[in-house]
């Protein structure tokens, strides 16, 4: 058994289904949305992660992370590696210049743990610190607000080998130490910190389905796992993620925040779940799915504990927070980052209750079947509904939409990017509706700034608003029409379809 949503995400990365989404996006209504419709302090930006764009995996003292090792084992569908990626490690000045030309107000990037602490702890690599100092300073020189993510699925392989990474509580202390170094070295210039990217997705992909490294699940699973326990490990990993996040926030608030005056939060993959049918069973199943997928991360942040339905269905396999841990986790955010791409359709699956506990996984504990409907999966109303849900159920926390984007095939046509434009404009319009209805949403980041190494498909899928030619050693960057549209939107210019074209950098 394998979590159906992860299988769906993988399928959505593959070219055949991406083509379906392109056709669907061409049929989207265009939103008449303007930059002036948003509050003046609202930021529009774009994002990437170190793993996906930097390359230079063995230069200047950097050691391997789990993805560097995994990609060399041939696990990617296209057999690609993280070795070079977009080579942003060497080309960050060029990339920041492109951001500035587009008019990005903010850039969300991540810091590579093994570039800062090559051995996971202890020795601080001055070359790694220098790189991020240079990147941050260059962003600020161009008037771009740095939003830094401390961990984006790329912990040191040495810690995975030493004690099993996120399955061990030792990771909490090592992550906190690493975060402390980041705050100390960069916090005087970084205004927005995200501790961990998508812990709910990592816990499922790495420890439930085994789809991403370290590829653990109840053997053999859909991905031929050799070790793991899908009935226990995803919950254990998520528990450690939350405690590590809260521990890092405590360090930041105690030692740095008063002087540095930055904000800190956690990023959550924001599922919007809708019932497959109007039956009572599917409606109740949708409530369960929302609690499991989203409440798993959000409830502890706001209430200090996991959702009641999770405790009922998972039982003793779900770790418990001590009183002190609950107090530490509760309120451990100044904002919540949400990543959102698709609507998930939920169907009740009562037969899962008969699955033996030793064979259970996340799906069977939820007792639902989750799927994405081609043609409906990119419904922009999903983002509006998700933001409304956080407003109504979590006290309307400050939210940044950290990721939202459109995947196209590797061989995308360079003279046609209208599908991505309609996708982005549709979601921006939906987000605006949520803001008008009271959501405290403060920023939007397109995923992604440029085509990159995608964790489920390597270089087979392109999410960037900037095209990267991976077949050319120069890795030539080109602005896609979506970059031009986004630029004109941010700069408050009107653009007709005939005026949009590719431009080379």
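Cβ coordinates are placed from backbone N, Cα and C, and glycine is handled just like the others.
When Swiss-Prot records 52, 152, 197, 198, 341, 403, 447 as binding beta-D-glucoside, the matching candidate from 178, 389, 463 it lists for that site is 463. Residues 52, 152, 197, 198, 341, 403, 447, 463, recorded as contacting beta-D-glucoside, have a largest CA-CA distance of 18 Å.
Comparing CA positions across the recorded positions 152, 198, 341, 411, the one lying closest to residue 403 (active site, nucleophile) turns out to be 341. Secondary structure at residue 403 (active site, nucleophile), as computed by DSSP, is strand. There are 23 other CB atoms within 10 A of the CB of residue 463 (beta-D-glucoside binding site), with all protein chains counted.
Proximity to residue 217 (disulfide bond), judged by a C-alpha distance within 10 Å, picks out 224, 229 from the recorded positions 52, 224, 229, 324, 437.
There are 27 other CB atoms within 10 A of the CB of residue 152 (beta-D-glucoside binding site), with all protein chains counted. Around the Cβ of residue 341 (beta-D-glucoside binding site), a 10 Å sphere holds 24 further Cβ atoms from the protein chains shown. The Cβ of residue 198 (active site, proton donor) has 24 neighbouring Cβ atoms from other residues within 10 Å, across all protein chains displayed.
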